[in-house]
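Features reported for this protein in TrEMBL:
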type	residues	note
TRANSMEM	B:16-37	transmembrane segment
TRANSMEM	B:44-64	transmembrane segment
TRANSMEM	B:70-89	transmembrane segment
TRANSMEM	B:101-122	transmembrane segment
TRANSMEM	B:142-162	transmembrane segment
TRANSMEM	B:190-213	transmembrane segment
TRANSMEM	B:225-253	transmembrane segment
TRANSMEM	B:274-296	transmembrane segment
Amino acid sequence: MAEPVLEIRDLRKSFGALKATDGVSLDLMPGEIHALIGPNGAGKSTLIHQISGSIPPDSGTIRFLGRDMAGLDMAARAKLGLGRSFQISSLAPEFSALRNVMLAVQARQGSSFRFFRPVKGDRSLAGPALAMLERVGLAARANTPAAELSHGERRQLEIAIALALGPKAFLLDEPMAGMGPEGSKSLTKFLDGLRRQAPILLVEHDMDAVFALADRISVLVYGRIVATGTVDEIRNDPEVRRAYLGEAA
Amino acid sequence: MSIALLIEQLLNGLQLGVMLFLMAAGLTLIFGVMGLINLAHGSLYMVGAFACAAVAAATGSFWIGLVASLVAAAAAGAIVEVAVIRKLYERDHLDQVLATFALILIFSEGTRWLFGSFPLYLDIPPLLQGAVPLPGGGRYQLYRLAIIGVGIVVAIGLYLLISRTRLGMRIRAGESDREMIAALGVDIRTLYTVVFALGAALAGLAGALVGALQSVQVGMGEPVLILAFVVIVIGGIGSIKGALLGAILVGVVDTMGRFLLPKALALAMPAAQAGLIGGALASMLIYLVMAVILAVRPSGLFAAQS
Amino acid sequence: MSAVVSREAVVNTLLALLLLAVPIAASAAGEPFYVTLATRIAVLALAAVGLNIALGLGGLVSFGHAAFFGLGGYAAGILATHAFNAEPLFFGLPGTTSMPVIWLVAILVCGLVALPIGAISLRTTGVYFIMITLAFAQMIYYFAVSWPAYGGEDGLSIYVRNAFPGVNTAQPLPYFLLCYGVLMLVLLLFWLIGGSRFGTALQAARQNPVRLAAVGIAPFRIRLVAFVLSAMVTGLAGALFADLNRFVSPSMLSWHMSGELIVLIILGGKGRLFGPLAGAMLYVLFEYALGGITERWQFFLGLILLGVVLFARGGLLGLLAGKARHG
């Protein structure tokens, strides 16, 4: 059996009396989309923050490509190939869509300590960046400042940035949020193809998308994973129905 | 070096610390509740000192002057809050720095306009003149002891105000959640004006008290302001407790550094040289302390907000 | 969009030509005072261009850049004094009156001092950063005041303006042209840095540090390098300022100076290439014009500044060239 790309073991994080992450273990296997679902306040965001490196866990390990992530900050983890999108769009608002993606291309290529050569007209940056914008269908808006993009376009730009990093795994935090039915449909199709490039840990509220995409689903409730399995197993799991789907239905 | 001298220096450090606390408490309260960085806080200190000196000279009573300093500084604070500061709460820190920097220019030149360029002098009131004996044989100025007493009273008063009164409850609510407090129906504009005036009055009180120890002149608030910044950075911005402990730490370290460093260096080098080097090092000491504390705890010792 | 950009370019060119033409005309008309005034503008603008790397591109509100301005000034003063008195500096090294050497020393010293100050200060953000940079500058200020070897509170005179190969620096116009040349060169460097990979990362760190970290670039290192570069440029300006006045004193290190440098940038227009120059022109002209009318000119400067912050946030360039745009 293949090694997991991302391996989380017995992760714990408390805020005062609140156990936000309570002994979570989770694997992301090569080529899979692993969806993480759970009711609001289940601790999904806290978990994502710990994986991406913006919150340190109290205990437990996170291994990525076999390497322990303890002590590495967000930038170091991103550099190793952990590509992340954000629940709320997180872009450089004054930069154009293209320059936002060029920043990611630049980061992937290595040194940002080049002081004089203009990035404008640097084909080694603009070329790949434009290609990513084309892939997500945003090429026509390349020169528009990110602040002036629509909500859906910003989500697309987030994905383009994550793609440009050429990551070994994607960490997508509610990519469908606020997309509308049409946007969700096309993004679902897009993510379906993306798993061939790198496995995806997908946090998502849109159950249609989750059931369409996920190879496996883990259900997080009150900081614990109460079930992990295929779409059918999760649909029919009585505990999940009670704890989670029951509420939604 | 005698024990009496050491105690005297310690008390001087404490007195400086108390005075810094009066400044820092207002600054940290204003930052904690309104999120505003106020460079013009030193100007309110100056307003207090000038009001006290001018009124004391006119009436012959330090105590009337002291009341005048509180009134003048609080009024100046309230006017400035309504006219200018109110427009800055939603702005970034850069705009706040610039606007309050502009206020310093206006206050300083305005005061020079009113009072001229010569310093004013304020006498210690007869009631507090003289000195008290210290253990070990020295004597200590009664007035400085009184300043320490005022600081203790203000610290207790602030503690009671914030933990026990309705105003204090609103201040605490304002620190944690601005929208909630607005939703509770508290008139947030008035609250902000009151908090600002309270901070201003404390600064004015500090200026008036110190006015009797040194000359009252334009620009007197600026060194104190910067020390007060060091205090709240060390203590944690927004924390009154941090301001109190930070102020005492800064006051004692600064005073003892100036006193002890030249003596310590004199053990290793000629006295004249030790005095120069020790003096120069002592003037940098609190900033070094601050750097060390921040290197370990980037948001101060008692950060109120994470 | 291109129309807006070219409008700013036109305004910038006009400002640059104006600063060049006025002293040349004044010199021809036998009015060296105006040449000195223009030199003051050029040097203050240079100091503010330095700060603008940290503040404009990186969003780092350093309230302590007077430290570097003053250190640059003291580098010039101390080296010149040792050369003048023919006393070795330390380790037997001599002083010097050569501007290129002085500039190099000023730049290096400021870089070396900025490195630890930046490394500590950049662990914090927001108000903490503002106050800590202020406090470090005060530390250096008080050291300069209490250290008597180089004049302490009274400052240090440079008896003869230092020398630059091929330029008669003692004459106002050649010295102005030298400063002007340095300013234009540094503006070119600023423009290149702003459009480079480093500049992209630095501006991203200002707009959204989390985004920068998420693509794998640590904001801290980018900011630290920017802070050091910024200090170096401001230090160079300090050396020129000391030579302009043939005098350096702790007032160059004071927090008023730090405030003034920020004011220059905001008066001109934050984050814009020529903002510091436009701001320095306005500031020095205010100082000169108001100072001619009333002794209390700082009072009115305060009012004007308050008006700019509250009502005209784009500064002079915002009025002349419209809203700033980024690529």
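Note: Cβ is positioned from N, Cα and C throughout, glycine not excepted.
Any TrEMBL annotation is an automated prediction that lacks curation.
Within the chain, the transmembrane segment (B:16-37) has long-range Cβ neighbours (under 8 A, six or more residues past its boundaries) at 44-45, 85, 88-89, 93, 96-97, 100, 147-148, 150-152, 154-155, 158, 171, 174-175, 191-192, 195-196, 198-203, 205-206, 209-210, 224-225, 227-229, 231-232, 235, 237-240, 242-244, 246-252, 254-255, 304-305. Scored on C-beta pairs under 8 angstroms, the neighbour of the transmembrane segment (B:101-122) with the top count among B:44-64, B:70-89, B:142-162, B:190-213, B:225-253 is B:44-64. Taking every recorded stretch in B:44-64, B:142-162, B:190-213, B:225-253 and counting its Cβ pairs under 8 Å to the transmembrane segment (B:70-89), the highest total belongs to B:190-213. Highest Cβ contact count with the transmembrane segment (B:225-253) among the listed stretches B:44-64, B:142-162, B:190-213 falls to B:142-162 (criterion: pairs under 8 Å). Packing against the transmembrane segment (B:190-213) from elsewhere in the chain are residues 19, 22-23, 25-27, 29-30, 33-34, 38, 41-42, 44-53, 62, 65-66, 69-70, 72-78, 80-82, 85-86, 89, 120, 122-125, 143-144, 147, 150, 154, 167, 170-171, 174, 181, 220-221, 224: each is 6 or more residues past its ends and has a CB under 8 Å from a CB in it.
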